[in-house]
């Protein structure tokens, strides 16, 4: 701050400059009106401004003279002063800053501030003008004077320019720090900008001090959107990177407190702490920090982060030691190098175990990680002590209800470990202890019982194995006892199919028939069976010649299960029953078929109908067989009915002839879905045609036409057309064409989209005309050969020759006896040009008849 004496010197200097610049300039004739105006109204700002506007193009000295007169009369006029200062600064723009004109403008600014010290715009422009002149000290003092003169509410305008000024490279850092500290007292939220500046000038001690203050202030809100977490990381990074430049801070405790607070950046913070000691060349301490970090982190991500830093640290030590060895290959240096290499190799070997420890710390109930740890101790050289310790720790640590994976695998592997080391008693003890654990699922406990029994089987203790499984299959005395899901697994174990299956397999192999049979019956009683178990039981009884018991087993199976699971049981049951009794027990067999047909869904019923019909054909009556086929055609799934009707018709024709098949054809056409009626009509008409029933066949074609769209069912209409050519006449052929047009029109009405597609496809039909023309030429060649054959045939007959009018492509004469012969003339083209049919020659058999 300037003293009182300095202010007096400035005022005296201003007075002397005013006297020096007070040059009298005579006004011109044009100036007289304005002179008269300002003389009459010397205190009017507008009068002076009008005068200055009139003198816009005059020399600067004349304008300066007018400005001086104006401010002498109106020393506190902001408009006049601001305009005067602006003109003076613009007038010297581009000149050397060492010229006296710059000092004159500085003096003018000082004169204005004597009267306008409360105007921040004047202060700002003055300071900006001083910054152009690179007068650092004077600029700083002027900013300070502005802060003293202006009220606090306007300080922000000064500080915005002040901070820009001090951030210049030419400003000493100590000055900047002092100014910024004053600034933070007014606006403490700008501390982040201050920290960025300190980082830029590498004042690390002050950076740490400001960050600590910032973190101590719980109410601080970042204007840059940073969180306390970000500031913590920034502080730890700076502390670890520049430990020699920072004093008075317990870096170890600061970083460790951050590790306790921010769990998502634990790995990075541990690396910062180790880097701190590395920068201080305390390598052993840094290594201890790394080891502590690897054993304390709880996530694989943090572990990998620390592991990378640790290995890079060891690599750098090895590289540095190699350089030392090249310069001084002494024994001490070589020994130290060997120690570093051995330590590094040991670290690499321990990596899987260290990572496994982290994973187990993250979830101690992870079964797979415990087993992985056992494998790590087993390879390459088994460490028996650590393997046993790992198994023991896993059993103590894992909560059976929270286990991730099959906990039974831990106990089984532990027991087999003792077994492989010829300690069978210890293995039995492990299994016995495991059988009392309250596992999460029955499958775990049943697996242990089975593994226990398998171990005894390996050592040929068959009775011991059976006794173990017998213990596991003990059921409640009361059959209807309800076991809740929250009961221990030991009380629910008798419901395990796995242990029962193993038990019955052992009894079949090493036990008696009656014991095995009783076990199967117990399983059926407890309903712990599958369809395959029922089939196995029945097969076992069959092998031992207990046929009625076998059928009882099948009966139990069909009562326990529903379709589709029971299908194999029913098929085997019926097959075995028919093989056993053939036709001796017809009614009982029929009852079985009726029983299964009353339960089977339509989609799966076809096989049983076929078995039933085949049985009736072999051992029953053909009439009964036809009744079964008739039921099947009505009851099977819609997709199977067409095949069923075809089989029905085939068998009926073999047993009863054509008359019976006509009735079946009629039923099929009535009951089949529309997509199958067309094919059935073709087969029906073909059958009638074979037996000479032409009118019946034509009626069938007419009936089936309503299900045949001419655009998609070309085969149907071609077949009918060929039929009419061979067996019809001109009227019937025209009737066929009429029906075809009618059906096509009805389908177009029902499905206009298909009609549109048909029009689009017509374009492709035009491309086929060339091929059709080639075919017509080939037909003409065949026509000539056919005419020669007909002429030869006409010489053999004495009947009246009849000329048949055909399309232009084919014409020939032939002799016929009936007057209903088809006479295809040009009328067909008049009715519909699109219905051009391929004309075939008359069969030789028909010529012989004629």
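The backbone N, Cα and C atoms fix where each Cβ goes, and this holds for glycine too.
Same-chain neighbours of the repeat 'HAT 1' (25-57): 63, 65-67, 69-70, 73-74, 77, 79-80, 83, counting only residues six or more beyond its ends whose CB sits under 8 Å from a CB of the stretch. Residues or ranges marked as repeat 'HAT 1' by Swiss-Prot: 25-57.
Across the repeat 'HAT 2' (58-90), DSSP assigns 27 helix, 0 strand, 6 coil. Per Swiss-Prot, repeat 'HAT 2' is recorded for 58-90.
Across the repeat 'HAT 3' (100-132), DSSP helix (H, G, I), strand (E, B) and coil residues number 29 helix, 0 strand, 4 coil. According to Swiss-Prot, the feature repeat 'HAT 3' maps to 100-132.
Among residues of the same chain six or more beyond the repeat 'HAT 4' (134-168), those with a C-beta under 8 A of the stretch's C-beta atoms are 1-2, 97, 113, 117-118, 120, 123-124, 126-128, 175-176, 179-180, 183, 186-187, 193, 197. The repeat 'HAT 4' annotation in Swiss-Prot covers 134-168.
According to Swiss-Prot, the repeat 'HAT 5' annotation covers 171-203. Taking the repeat 'HAT 5' (171-203) as a whole, pLDDT averages 87 in the prediction.
The repeat 'HAT 6' feature in Swiss-Prot is assigned to 281-316. Through the fold, the repeat 'HAT 6' (281-316) approaches residues 266-268, 270-271, 273-275, 340, 343-344, 347, 351, 354-355, 357-359, 361-362 of its own chain, all at least 6 residues removed from its boundaries and within a Cβ separation under 8 Å.
What Swiss-Prot lists as repeat 'HAT 7' is 477-509.
Remark: secondary structure over the repeat 'HAT 8' (511-543) totals 27 helix, 0 strand, 6 coil, with classes taken from DSSP. Taken from Swiss-Prot, the feature repeat 'HAT 8' covers 511-543.
The repeat 'HAT 9' feature in Swiss-Prot is assigned to 545-579. Sequence-distant contacts of the repeat 'HAT 9' (545-579), counting only residues of its own chain at least 6 positions beyond either end whose CB sits under 8 Å from a CB of the stretch, comprise 517, 520, 524, 527, 529, 531, 534-535, 537-538, 588-589, 592-593, 595-596, 599-601, 604, 607-608, 611, 615.
The feature repeat 'HAT 10' is assigned by Swiss-Prot to 584-618.
Residues annotated as repeat 'HAT 11' in Swiss-Prot: 692-726.
Under the heading compositional bias 'Basic and acidic residues', Swiss-Prot lists 761-771.
What Swiss-Prot records for 772-792 is compositional bias 'Low complexity'.
According to Swiss-Prot, the feature compositional bias 'Polar residues' maps to 793-812.
Residue counts for the repeat 'HAT 6' (281-316) under DSSP, helix first, then strand, then coil, are 31 helix, 0 strand, 5 coil.
Listed by sequence, the residues of this chain that lie at least six past the ends of the repeat 'HAT 5' (171-203) yet keep a Cβ under 8 A from its Cβ atoms are 136, 140, 152, 155-156, 159, 162-163, 165, 210-211, 213-214, 220-224, 226, 238. Note on the repeat 'HAT 3' (100-132): residues 10-11, 13-14, 17-18, 75-76, 78, 81-82, 84-86, 88-89, 91-92, 138-139, 142-143, 145-146, 149-151, 154, 157-158, 161-162, 165 of its chain, located 6 or more positions outside it, place their CB under 8 angstroms from a CB of the stretch.
With DSSP classes pooled into helix, strand and coil, the tally for the repeat 'HAT 4' (134-168) is 29 helix, 0 strand, 6 coil. Taken through DSSP, the repeat 'HAT 5' (171-203) splits into 28 helix, 0 strand, 5 coil. Across the repeat 'HAT 10' (584-618), the DSSP tally of helix, strand and coil residues reads 30 helix, 0 strand, 5 coil.
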